[in-house]
C-alpha cells in the first residue's frame, strides 16, 4: 500500500529515469537547427572533433547530446529517416548499461546506431550482437552507409571466415556478429599459439539485440569447442604389438638401472618407467615396425606423441588387469569401480589409456571428443567492460537481468499509443476442438481480408495446424526458423490482405510485419526499377495497407501458451506496431503441456462445474489467472536452473580467467627463461624434499629413491650415493645445491647445441602445450565432478560448497602438475639440432590448424546437423523414446529429434 502511494507521488524508477533523459532529448532537439545548417563535410568532421575532445579528458556522457544530434542529422541525409524522441531515449538507456524494452516496430535497429556511434568514438570497438548470421549481415549492411558517412568503419564477423578476415572485422570501429561467433572466437583466441593467431581485441562494449533470447533463453547452453577426433587407433595397435616383447624388471634389481628388465612398475603411484635397457630395446622394436627412423631417439622432440602412446600401452599391460580393473562386454571395455566393484558404463580413462586397453583386448578403438574449451553466455558477456541490450519483451525478466548481469531494465514508451486488442484466452477440453476453433477463426478473418499470423511452440505443432489448413483449403505459408534469409522475406509479406502465416516462436524475429506487405521487397525483386514503377508499387501498397487497416489489422493467434509469458508477449507484439490496428487471441486446451502439468486440476474442476459440452470454450478471468500462475511457476523453475548453472560455472570461470590470463601473458613474451628457472627451482626443491626431508637426519634420507626419481622424471643419472660416501662433509644444503647446479649444467649444454633463441622458442612451446593438455584434462575432471556432486547432499553436505572446495584442490594440483611436467619434458627431451625443434613446432602448428578446422560447436543451427550430431553421439546405441534427447535440448527424444526419424 505504502509503495503504491510513494510511486503515485514520486513516480516509479522507470518514470524517474525517463524524466531525467527527456531533459537531454530537449537539448538534442534544440541542436537540430544548427546541425541542419552544417555542410556534409562539417558534419563528417564532427567525429574527429569528438575523438580529440575525448583525448583531452571529456567524458562520453558529456558528448551525448551533440553526438546523438549528429547521428540523427546524418541519418536524415543518408536514409531520409529522422530518429524519434523515443529512439533518442532508447539510445541513452543503452549507453547507461541498461536493457531497453522497445516494442516491435519501434525501430530498435536505428536506435542502436546512437550508442554504437558514441561508444565507437573511444576507438576500443563496439560489438553489436544478433541471434543469427542473416540479421548480423542485414543490420551491418543497412547501417554501413550511415557509419561510413560519419567516418566509422563497419565489420561483419561471420562464421567460417578465415582468421585475417575476422581480425579485420574486429579491428573495425563497429562489428556486427552472432553471440555464438563472438563466444567461439574468444575461446579460439585462448587456444592460439602465437599472438598473430588471435582475432579479438579487448572486450569493450557489447550491444545485444534480442537480449532476452541470448542472455536468458540460451543461457543454459554452454559454448563448447571439443576435439580432437583424430583417428590414432592404428598407432595404438602398432605400439600394443611391441609391448609383449618387453620384460618387467623385478623388484630386487629395480633400484639399479642395469637390471635385466626393460621397465619398472610403481604400483603405488600407478606409474611405469622404461629402464636404459628398455629404452634401447623399444627403440629397436619401433624401428623394426617402421614407426621410427633408424638413429632416431624416442625422446627427440618430434616423438613426444609416440612416447605418449608407449607410456599408455605400458600402463595398460602392466597396471590394468581384465576382470579386476575392467571387463570386456559386447566388444566394449567397461571400467570397474575399484571401491564398489560395479561397472561404470560410459566412463573412460583419459590420457589415451582407455584406447591402449582397447588395443590390448583387440576390441574396436573408440576416439573421444574431449572438451578443449568452454564458457557459458552469462560468463562471456560479463567479460565486457560495458554491456547493454534491447528487446521487445524484457520487463517480465527484469529481476534476472538485474541479479545475474547487474543490468536495469527501462521500458521505453512507444512513439504512438498502442491500440491492439488483446482478447481473453479461450480454453477447450481437447486439442482437436481447439484446432477446429482456430481454423474457423482464420476462415472468418481471411474472408474479410484480414491477415493472420499463427504462432506455435514447435515445428511439430506448426505442421499439425498446416495439415488442418490444407484440409480446409486455406492457402498459407509455414516458417520454422530453419532458413533465416527466406523466412525474413515471408514474414515481410505476412501483412498482405488475407495472408495466413504459421510461425514457430523464434521464426522471423527481427523483421517487421508491415500491413499490406513490404513494398521495398517488391522493388528489390525488380532488376532496374524506374521511378514510375516504384511509384506504382507504392500506390498499390497504400491501397492494400488501407484495406488491411479497415479489416482490423494483423490478427495474432497463439495455438497454446508458452512456458514463459515473455514469449507470449513477443508473439502478441508482432501486431499493433507503430500505433497500427491489430488483435490477438490465445487458444488453449486441457491437453496442452503447460495446462496438463501445471494448471490441470484447478481449471478442469472449473470446467466441470460450468457443465461444458464438446466444442464449447471457457473464457473467464479465473482461468486467465490460473494460467498466469502456471507460467510463473515454470519461469521460476527455469530461473533456478539458470542460476544454478551460473553458480557452478562461476567456479570454473575464476579458474578459466586465471589460466587464460597466464596463457596470454605467455603468448605476449618471447623469453620465458626466467619463469622456467623459477619453476625449475620449485620442482627440484619439492622432488628433493620428498626424499630428503628438510633439516632431517641422514638416516631418514631415501637416496636410492631420489636417484631413481631423478633418472625417471628428469633423465638425470647422478651418483648421489657415491658423492656422500666419498665426501663425508657433504651436508644437506650443499647436496641440494650440487643436484640443482648439475641439472642446470646439463640443460645449458642442451641450449648450446641449438642456440639460445631456439631454446627460448622451444621452452615457450612446451609451456603452452603442457598448459593446454592439463587444462583439457582438468575440464574433463571438472565435468565428472559436476555430474556426481549432487549426491553429496545425501551426506548432509552442501553440493555447491563441496564443488568449490574440490575443484579448487584440483586446480591447485593441476598448477603443480604443470610445473612438474614442463621441467620433466624439458629435461628429458634430447635436443640435437635446431631443425628438430622446428619440426616439433611445425607438428604443433599443423595440430592447431586441424583443430580449428574440425572444432565441434555445441550450438546446432539446423535440424539435419543436430540429427547428424546425435547419430555421431549415439552410434549403435538405441535411444529410448522417453530418454533425454542427445542434442541437449532437455526434451524427451520422442518430442525432439525422435520425430525426425
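Cβ from N, Cα, C; glycine included.
Please treat TrEMBL annotations as automatic predictions, because they have not gone through curation.
Per TrEMBL, the candidate among 87, 520 that belongs to the ATP site alongside 105, 106, 107, 108, 109, 512 is 87. A Cβ within 8 Å of the Cβ centre of 87, 105, 106, 107, 108, 109, 512, the residues given for ATP, is found for these other residues of the same chain: 102, 104, 110, 111. Residue 109 (ATP binding site) carries a helical DSSP state (H, G or I).
Secondary structure at residue 87 (ATP binding site), as computed by DSSP, is helix. For residue 108 (ATP binding site), the same-chain residues 6+ apart in sequence whose C-beta sits under 8 angstroms from its C-beta are 90, 100, 102, 209, 390, 391, 392. Its own atom aside, the Cβ of residue 106 (ATP binding site) has 25 Cβ atoms within 10 angstroms in the protein chains shown. Contacts of residue 109 (ATP binding site) defined by a Cβ separation under 8 A and a same-chain sequence distance of 6+ are given as 139, 142, 143, 209, in order along the sequence. With a 10 A radius on its CB, residue 105 (ATP binding site) counts 21 other CB atoms from all the protein chains. For the ATP site, whose binding residues are given in the record as 87, 105, 106, 107, 108, 109, 512, the maximum C-alpha distance rounds to 16 Å. Looking just at the domain 'Helicase C-terminal' (434-635), the mean pLDDT is 80.
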